[in-house]
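Taken from TrEMBL, the feature substrate binding site covers Ser8, His64, Gly140, Phe141, Gly142, Gly143, Asp173, Gly174, Gly175, Gly195, Ser196. What TrEMBL lists as divalent metal cation binding site is His31, Asp33, His64, Asp173. Under the heading active site, proton acceptor, TrEMBL lists Asp33. Per TrEMBL, active site, proton donor is recorded for Asp173.
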Amino acid sequence: MAVQISPSILSADFARLADEAAAVSNADWLHVDVMDNHFVPNLTIGLPVVEALRKAADTPLDCHLMIEDPDRWAPAYAEAGAGSVTVHVEAAKAPVRTLRQIRSAGARAGLALNPATAVESYADLLGEVDMLLLMTVEPGFGGQRFLDVVLPKVRRTRELITAHGGQVWLQVDGGVSAETIERCAEAGADVFVAGSAVYGADDPARAVDALRALAEGAAG
Ligand code: DX5
Ligand code: ZN
């Protein structure tokens, strides 16, 4: 279980996205938060920006779709060259079909759960996913406070993944920082999204290294 860091460009300077991507070239992924002002009360970026960023950045894109009707839109993000495309269970009407379409288009398929959504209902879908994303804030905005209440679910999810064979990555997203990342790693997360903790730092690349070291230490 290798630690991976996925800085969220939601906290980057949108006018300088290529530079902001290059500033974290030591990261494993670039986390792209797609919001439609319907599934969440915020509006960010969509396909044209993902297409442009893919050409401008060397780091693979980890697209997190916080949108209604992800069944319609998710395959296009995979076709646009995203390395990973994650849809929310609360929004997907045909998650199995959509996850399969993401994989057929050549991307890793992710399934995201809001803080109050139980993971047990999705245990049978583990064979269909490459990553589970557990939100550790209510989705919609960067810079929110980490929700400790999700940690027991992180532990239970790690147990489900281990029982299934251990191939599925477990991502946490929201409020992940030097203060909270060790708790997440101890609970079993292995992919860490961090927006404000990376782009709010004076040196984003150093922040990535520091977060990675903390997570690796805590994961043992
Ligand atoms: C929130 C987004 C997160 C956000 C994380 O809805 O999904 O990816 O950018 O930002 P921080 O790390 O600042 O909580
Ligand atoms: Zn996100």
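Glycine too: its Cβ is placed from the backbone N, Cα and C atoms.
Sequence features annotated in TrEMBL and their locations in the structure.
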residue: Ser8; record: substrate binding site; Cβ contacts under 8 Å, 6 or more apart: His31, Val32, Asp33, Gly142, Asp173, Val193, Ala194, Gly195, Val198, Tyr199
residue: His64; record: divalent metal cation binding site; Cβ contacts under 8 Å, 6 or more apart: His31, Val32, Asp33, Val34, Thr86, Gly110, Ala112, Leu133, Asp173, Val193
residue: Gly140; record: substrate binding site; Cβ contacts under 8 Å, 6 or more apart: Met35, Val40, Pro41, Asn42, Met66
residue: Gly175; record: substrate binding site; Cβ contacts under 8 Å, 6 or more apart: Thr136, Val137, Gln144, Arg145, Phe146, Leu147
residue: Ser196; record: substrate binding site; Cβ contacts under 8 Å, 6 or more apart: Ser11, Gly142, Gly143, Ser177
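Close to the recorded divalent metal cation site, the chain also has Ser6, Ser8, Leu10, Val32, Asp62, Cys63, Met66, Thr86, Leu133, Val193, Gly195: residues not among His31, Asp33, His64, Asp173 whose Cβ is within 8 Å of the site's Cβ mean position. Within the set Ser8, His64, Gly140, Phe141, Gly142, Gly143, Asp173, Gly174, Gly175, Gly195, Ser196 that the record links to substrate, no two Cα atoms are more than 16 Å apart, and one pair reaches that distance. Neighbours of the substrate site: apart from Ser8, His64, Gly140, Phe141, Gly142, Gly143, Asp173, Gly174, Gly175, Gly195, Ser196, residues of the same chain with C-beta atoms within 8 angstroms of the site's C-beta centroid are Leu10, Ser11, Asp33, Val137, Gln144, Val193. His31 (divalent metal cation binding site) has a Cβ environment of 27 other Cβ atoms inside 10 Å. Among the binding-site residues Asp33, His64, Gly142, Asp173, Ser196, the residues whose Cβ sits under 6 Å from any atom of ligand 2 are Asp33, His64, Asp173.
DSSP assigns Gly140 (substrate binding site) to coil in the three-state reduction, placing it in neither a helix nor a strand.
Every protein chain shown contributes to the tally, and the Cβ of Asp33 (divalent metal cation binding site) ends up with 24 other Cβ atoms within 10 Å.
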